[in-house]
Each structure stands twice: as structure tokens, then as C-alpha cells.
Amino acid sequence: MTAVAPRGTVARGRGPAPRPRPAGRTLTRLLPLLPAVLLLAAFMLGPIVYSLYGSLTDRAMTGPRAANPQFIGLDNYAELFASADFWNSLWLTVVFILASAVIGQNVLGMALAVLLRSSVKPLRSIVGGLVVLAWVLPEIVAAFALYAFFSTDGTLNVMLGWLGLEGTSWLYSFPLATVIIANIWRGTAFSMMVYNAALAEVPPELTEAATIDGAGAWQRFTRVTLPVIRRSISTNLLLTTLQTLGVFTLIWVMTGGGPGTQSSTLPVLAYQEAFKFAQLGYGTAIATVTLLIGAAFSVVYIRILKPEVD
Amino acid sequence: MSDRTSTISIVTRTPPIAVHRARRAKPVSVASPRRGAHTLLSSVILAAVGILFLIPLLWIAFASFDGDPTVSMRLPETWTLDNYAKVMTWQLTWQPLLNSIAISLGTAVITVVVGVLAAYPLSRYRMRFQRSFMYGILFGTGLPITAMMVPVYALFVSLKLLDSTWGVIVFMAATSLPMAIWMLKNFMDSVPISLEEAAWVDGASSMQALRRIVLPLMRPGLAVVFIFVFTGAWGNFFVPFVLLFTAEKFPAAVSIFNFFGQYGSIAYGQLAAYSVLYATPMILLYVIVQRLSGGAFALAGSVKG
């Protein structure tokens with residue numbers, strides 16, 4: 001696939017040669033962009049700007065502060081940064097992303113991609129299909145399935161019972177661990193597909209040469225394969241991080257962010273503060289912080305892809 | 001959408017009407033005696049992982065046919081369609097599914113139409129701000145949409161768009177636009193401009209050329225984008241959950257959640273049956289996209305190695 005990928009460069013120089021044009025003509029050409037620009041400005045840029053502004057007000061869901069919010073400067077942020085809940089939530093988010101996306105999905109995805117290449121055909125399509133199915137399911141259905149799996153009377157404890165082990169109420173005792181595993185279960189397919197494609201592009205001559213030089217399978221993998229596909233790895237790490245930063249439904253359905261705040265990542269905390277505790281301004285401040293984190297990763301992502309954007 | 005948005009930015013770099021390269025032949029193994037053992041070990045591990053992925057899925061499938069379902073996975077003692085019969089009511093299933101169709105269809109149509117219009121000048125002309133615009137689009141695909149829901153709620157309060165199906169549609173269309181524009185531009189880039197030049201010589205306007213020449217040639221690409229946006233909206237729970245209040249307007253994702261939450265003791269069989277009804281269209285559409293874009297795993301195939 002890669003060989004024919006149309007990096008934006010294909011378009012470059014394909015249009016008419018750049019020479020001075022009548023202004024009217026340029027405007028006509030830009031006209032088709034208008035609906036998209038308007039929509040993006042109103043519903044993407046709008047909420048972001050609103051988010052930055054709203055986080056500086058004491059807007060609430062009900063009462064006088066709903067109708068007439070006051071500008072309170074950085075008070076929300078001061079309160080936020082002084083709040084143990086926020087730091088707890090930030091920490092949970094970091095652990096959630098590191099464990100489920102950076103380590104879980106990437107390592108399992110890579111392992112599956114490698115295993116798929118070296119196992120028998122029917123098994124390959126069946127297991128590959130199952131992993132992808134977990135990814136294709138609507139998020140809420142995946143969340144129900146894993147809620148059931150981890151429930152006190154759920155499949156996991158029944159299976160542990162067969163082994164003579166005592167289960168526990170996983171969703172209450174280890175809420176973060178359960179949502180981490182759930183996110184790995186749901187999201188690994190993406191990494192698997194990315195790495196599967198990347199591995200297919202590794203020139204076989206390289207690994208053959210390494211074999212002849214006496215490299216074992218592990219050495220071939222770490223010294224030849226991994227360096228060759230490092231760009232796929234960095235891109236995939238970023239994308240899975242961004243996806244996982246936004247995970248809400250999975251956590252909300254499985255644990256509701258609880259018990260207490262033990263699995264409230266930033267999106268969940270923002271939702272709770274804004275809608276359950278009716279602190280819209282405060283919730284917006286949390287949302288803004290989350291957006292800024294996402295924006296930072298997004299910028300890194302763009303820098304990595306830079307040569308491909310025309 | 002949110003968790004799919006960035007997914008798809010990878011997809012966007014997949015060539016649409018690409019010539020599929022035959023997969024490279026596997027390297028000839030030098031150590032063939034060890035190969036058998038190697039394959040066996042891989043297969044065993046793979047099968048074990050496969051089973052772990054299968055179990056939660058099997059629970060849904062079995063529980064939906066179980067006369068006396070529990071929260072743990074097991075073969076039903078009595079197979080029955082009762083769960084399906086119970087949830088297949090207007091209020092519980094058909095209306096929410098219709099709402100889902102309306103929202104997803106509206107979102108997909110708006111996104112594709114607006115996206116095509118935007119992609120055309122971006123693909124055909126060289127413009128001064130183009131580079132920054134494309135960077136902006138790419139940036140947009142990376143933002144966590146779930147983090148935007150609180151400010152979006154506040155914005156919708158002032159725009160008086162709360163509890164409006166159209167509000168949900170327009171917002172979802174806007175959030176899926178960056179990815180759609182990105183994909184559509186790349187699909188368009190692979191349609192040779194020489195064909196349009198002939199049409200221009202014959203006096204066609206650029207919009208006529210777009211409609212008569214470019215769009216027919218990128219039909220598979222259009223279908224791929226359409227289905228992606230459609231399934232993204234279909235599976236989205238958080239956006240309608242925050243922006244809609246009236247039960248009659250809920251799409252299936254929200255009504256299934258409320259159904260699940262309202263029962264003290266959850267009717268697991270019905271929940272599972274409902275999940276199957278709600279998830280099946282998404283799985284079918286995914287298979288269609290796979291066909292259109294050329295075989296399993298082709299979608300993720302364009303990340304640069």
C-alpha cells in the first residue's frame with residue numbers, strides 16, 4: 001500500500017502555474033471551501049474558543065449563575081490546580097493511557113501482528129477477525145460485554161472458580177485495572193492492523209541477510225524489524241494515545257468513574273463536575289486542560305507527519 | 001466519533017483506487033526443521049489470545065438467546081427468541097434505531113457533501129494558505145472530541161440548539177469533517193486532472209467537471225468516507241447523551257444505556273439481544289468498507305514504515 005500512497009505532494013504543481021490571477025477568480029475557487037470553513041469555525045473552533053472563555057467564568061447549570069455568569073479570571077484554574085481530585089484524575093489519565101494504549105495496545109498489537117504472520121491460515125483469519133470485531137462493535141456494546149465479564153458473578157470469576165481460585169468484585173476493587181484491560185481488548189485491533197501492514201513492508205532481504213549472518217529470531221526482530229518500522233511505531237503510539245485520551249463511554253458504562261473517583265479520567269471528571277455537580281465553568285476548565293493535552297499530542301503528531309502534508 | 005477520528009486519519013492516506021501490490025512472498029526459511037515448531041507455538045499462543053477476545057463476544061451472543069441468562073458466559077440451557085421478541089417494540093428498539101438512522105444518515109450526507117466541496121479546491125488548485133489549512137485539518141483530527149462536550153453543551157445553550165436532533169447532526173458533521181476532508185482530498189488526488197482539463201476545454205465549469213468526471217471516478221472512495229462517517233455517528237454515545245433529553249429523540253446508543261440503567265436487576269438477555277440488533281448494521285457496513293477498499297487490513301495499510 002505504502003508505495004502508492006498519495007502524499008499530498010502528488011497534487012503539488014499539478015494545478016495551473018502560479019501567476020497573478022484576477023481576485024474574482026481566486027474567490028470563486030475558494031467558494032466551495034466556505035461551507036466547511038463555516039461548519040468547522042462554528043462547531044470545532046467555536047467550542048474551543050468557548051472552552052477557553054467559559055473556563056474563566058463561574059457559569060453554572062442552574063440558578064443565577066446560569067443566566068448571568070460572572071467573569072472570574074483564573075479562579076477556576078486556581079481551584080482546579082488546588083484540587084486533589086484534579087491531580088488524581090490527571091494521574092489516572094496518565095496511567096490509563098500508558099498502561100492501556102502505549103503498553104497494552106501497542107505491545108499486544110505488535111505481538112499479534114507477528115504471531116499472525118507465523119501461524120496457520122484458518123487460525124490467522126479467525127483470531128484476526130475476532131480482534132477486529134471487538135474494535136468494530138459500538139463502544140457501548142463493548143462496554144456492556146466487558147462489564148459483564150468483570151462483574152462479581154461474571155465470566156472471569158466463573159473461570160477463576162474452575163481453577164479453584166477465589167474471584168473478587170473486580171469493578172469495585174480494581175476499577176482502573178478493569179477499564180485498562182477493557183480498553184486493550186477494544187483497541188488492540190487498530191495497532192494490530194497498523195503493525196500487520198508495517199511488517200508486510202519490511203524487505204525480506206534484510207531479515208534473510210540477518211539470518212545468514214547468524215541472527216536469531218529475537219535479534220532479527222529487535223535489530224532489523226523494529227528499526228525498519230519505527231515510523232509506524234511512533235505514529236501508532238501517538239494515535240492510540242490520542243484515542244485513549246478521549247475514552248469516555250467505556251469507563252462511564254463500566255465503573256461510572258467510581259467507586260468514588262478511582263477511575264475518573266479527565267473526560268469523566270469534566271462530565272461529572274459540569275453535569276452532575278452543575279459546575280459548568282469548572283467542568284469547562286477541566287475540558288480545556290484535556291483539550292490542551294490533546295492539542296500538544298496532535299502537534300507532535302503533525303510534526304512527525306510533516307513531510308507528507310503538502 | 002472521537003475514538004475513530006484519529007483512526008481514520010491513518011486510513012486517509014490509503015490510496016483509493018490503488019493498485020494492490022501483491023504481498024511479498026514470505027522469506028524462504030533457512031531453518032526449516034525448526035519452522036514447524038515455531039508455527040505450532042505461534043498458533044497456540046494466538047489461539048489463546050483469540051479465546052480471550054472471544055469470551056466477552058460470546059457472552060452477548062449466548063445471553064441474547066438464553067431463556068434464563070446470567071452475567072457470565074455459558075451455553076443457554078433453553079434456547080429462545082424471547083429476548084428479541086421482548087425488546088422489539090416501537091418504543092424500545094424501532095424508534096431509537098430510526099433515530100440512529102436519521103442522525104447517522106444526516107451526519108454522513110452533510111459531511112460528504114461539504115467535504116467533497118472543500119476537498120476539490122484543495123486537491124485541484126495551489127493556494128497560499130493551503131498548507132496551513134491542511135495542517136489545521138490534521139490538527140482537528142487529533143483533538144479529543146469527548147473533551148469538547150462540556151463547552152459544546154454551553155455553546156448549545158446559547159445557540160438554543162439543545163435537545164435538537166439537527167444540533168446533534170450538525171455538530172457530528174463538523175467533528176467528522178476534518179477526517180473526511182483529509183480522506184476525500186487524497187482520494188481526489190488520485191483522479192488524474194487531465195480528464196477534467198478536457199472537460200474544461202469543452203466549456204464545462206469546475207463544478208460541472210467535479211460532478212460529471214471526478215465524483216463518478218472516486219465512487220468507492222466516496223462510499224468509504226460515507227460509511228465511515230455513518231458508522232462513527234451510529235456508534236457515538238456521548239454526543240447525543242449530552243445534547244438530547246427527550247426519550248423520543250434518543251438514538252439506539254442512548255436508549256440502550258438508559259434501558260440498562262433503569263433496571264434494578266438488569267435484564268441481561270434483553271440487553272444482549274438489543275446489543276446484537278444495534279451492533280449488526282455496524283459490522284455489516286464494516287465488511288462493505290473492507291470489500292470496497294480491498295481486503296482485510298487494507299485500511300490501516302498506509303502508515304509509513
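Backbone N, Cα and C atoms are what each Cβ position is placed from, and that goes for glycine too.
Annotations in TrEMBL come from automatic prediction, not curation.
The annotation region 'Disordered' is assigned in TrEMBL to A:1-23. Residues or ranges marked as compositional bias 'Low complexity' by TrEMBL: A:1-16. For A:30-53, A:90-115, A:127-149, A:169-185, A:237-257, A:277-302, the entry in TrEMBL reads transmembrane segment. What TrEMBL lists as domain 'ABC transmembrane type-1' is A:91-301.
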When counting Cβ pairs under 8 Å to the transmembrane segment (A:127-149), the leader among A:30-53, A:169-185, A:237-257: A:237-257
Cβ contacts under 8 Å made by the transmembrane segment (A:237-257) with residues that lie 6+ beyond its boundaries: 93, 96-97, 100-102, 105-106, 139-140, 142-144, 146-147, 150, 171, 175, 178-179, 182-183, 186-187, 190-191, 263-269, 271-272, 290, 293-294, 297-298, 300-301, 304
Chain residues in Cβ proximity to the transmembrane segment (A:277-302) (below 8 Å; excluding those fewer than six residues from its ends, i.e. six or more beyond): 48, 50-52, 54-62, 66, 69, 72, 76-77, 79-80, 86, 89-90, 235, 238-239, 241-242, 245-246, 266-267, 269-271, 309
